[in-house]
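Accompanying notes for the structure given below.
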Amino acid sequence: MLLTARTPSRYASALAALSVFMAALLLPLSFTGGVMTTPAIQQSLGGSPAALSWLTNGFMLTFGSFLLAAGLAADAIDRKRIFIAGAALFCLSSLLFCLTHNLFLSGVLRALQGLAAAMILASGSAALAQLYDGAQRTRAFSILGTVFGIGLAFGPLLIGFMIDAVGWRGVYALFALLSAGVLLIGLVSLPATEKSEPRTPDNLGLTLFTLALMLFTASLMVIPARGFLSLTTLALLIASGGCSWRLSYAAGG
């Protein structure tokens, strides 16, 4: 399916789109990979079910909480820079995950992967919109959605096969390899953000929103292990409510 770009070189734009499509395949693989590799990681590193749950929860917590911030950063700084930084962080965290022998560090690295995924998704979709106009843009996003869907549909099959063949470390080695490809292709082909009228970001509002969402999500994640009325859960809910109140107060002037 040929896409006609509005940038000077059609082939350079196709290469740039390829990096975004590769990222769209990588992200759902990383979603399912965290879940499916958990039993194998438990056999290798040990750990309680509550601790192991953060291999998935840590990723989803940072991914969901920082998606808005990543999108605003991509518009304010540069979509290419945020995309490349996200791919580099994803590659590094995946590589370190292959080498770790500590469950706590594994959870931290998964949280970094979630942050990197938010950076990649927010900036990558914006960069793709910059490459094409009209019907070509619609087609590009159709391909993006299709690739993402393929990753979700066939990811469990691929991850399961790799766990049997090369173990859970091999799965994260694949993530490192794919993200390295995204990084290199994006580095040489993605255009810089088109300059627009500068806007002053609401840094306080963005920080409060991100904190409120992160604290609220974390409170939901700890309920199964600690209970709704535990001090940890209540403290997280109160802190999230405080951030939300401060955000509404700031918005009201």
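Placement of Cβ uses the backbone N, Cα and C atoms for every residue, glycine included.
What TrEMBL annotates here:
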- 12-253: domain 'Major facilitator superfamily (MFS) profile' (DOMAIN)
- 12-31: transmembrane segment (TRANSMEM)
- 51-70: transmembrane segment (TRANSMEM)
- 82-105: transmembrane segment (TRANSMEM)
- 111-129: transmembrane segment (TRANSMEM)
- 141-163: transmembrane segment (TRANSMEM)
- 169-192: transmembrane segment (TRANSMEM)
- 204-222: transmembrane segment (TRANSMEM)
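Within the model, the domain 'Major facilitator superfamily (MFS) profile' (12-253) shows a mean pLDDT value of 88, rounded to a whole number. For the transmembrane segment (204-222), same-chain residues at least 6 beyond its ends with a Cβ under 8 Å from one of its own Cβ atoms are 53-54, 57, 60-62, 64-66, 68-69, 72, 230, 232-233, 236-237, 239-241, 243-244, 246-247, 250-251. Across the candidate stretches 51-70, 111-129, 141-163, the maximum count of CB pairs under 8 A to the transmembrane segment (82-105) is reached by 111-129. Using a Cβ-Cβ cut-off under 8 Å and counting only residues 6 or more beyond its ends in the same chain, the transmembrane segment (51-70) has close neighbours at 30-31, 34-35, 37-38, 41-42, 82, 86, 103-104, 106-108, 110-115, 117-119, 121-123, 206, 209-210, 213-214, 217-218, 221, 224-225.
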